[in-house]
Amino acid sequence: MQKLTILLLVAAVLMSTQALNQEQHQRAKINLLSKRKPPAERWWRWGGCMLWFGRCTKDSECCSNSCDRTYCELARFPSDW
C-alpha cells in the first residue's frame, strides 16, 4: 500500500511539472507573437523609417525625408516644382 501511495505521489508531481512547463511555453509563445509587427508594417519599415509609399505625417518619418502628409514619396521633389 505504501508503494502505491508513493507511486501516485510521484505521478502527481510529474504531471504537475509537465503542466507547468507547458503553461510557461505557451506564455512565452504568446509573448513572442504579440511583439511581432503586422506583415505590412514589417515590409514598409526599414531602419526606423518608412520606405516609399508608407504612411506618414511628417518628413522625418520617411527614409526619403519626403512626406506628402499621407504617404512617403520616393524622393524629395525640387522646390521649384
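Just so you know, glycine gets a Cβ as well, placed from its N, Cα and C.
The disulfide bond recorded by Swiss-Prot for Cys67 joins it to Cys56 [selected from Cys56, Cys63].
Within 10 Å of the Cβ of Cys63 (disulfide bond) there are 17 other Cβ atoms, across all protein chains.
Neighbour density at the Cβ, taken as the number of other Cβ atoms within 10 Å, is lowest among the disulfide-bonded residues Cys49, Cys56, Cys62, Cys67, Cys72 for Cys49. Taking the C-alpha atom of Cys49 (disulfide bond) as reference, the shortest distance to any of the disulfide-bonded residues Cys56, Cys62, Cys67, Cys72 belongs to Cys62.
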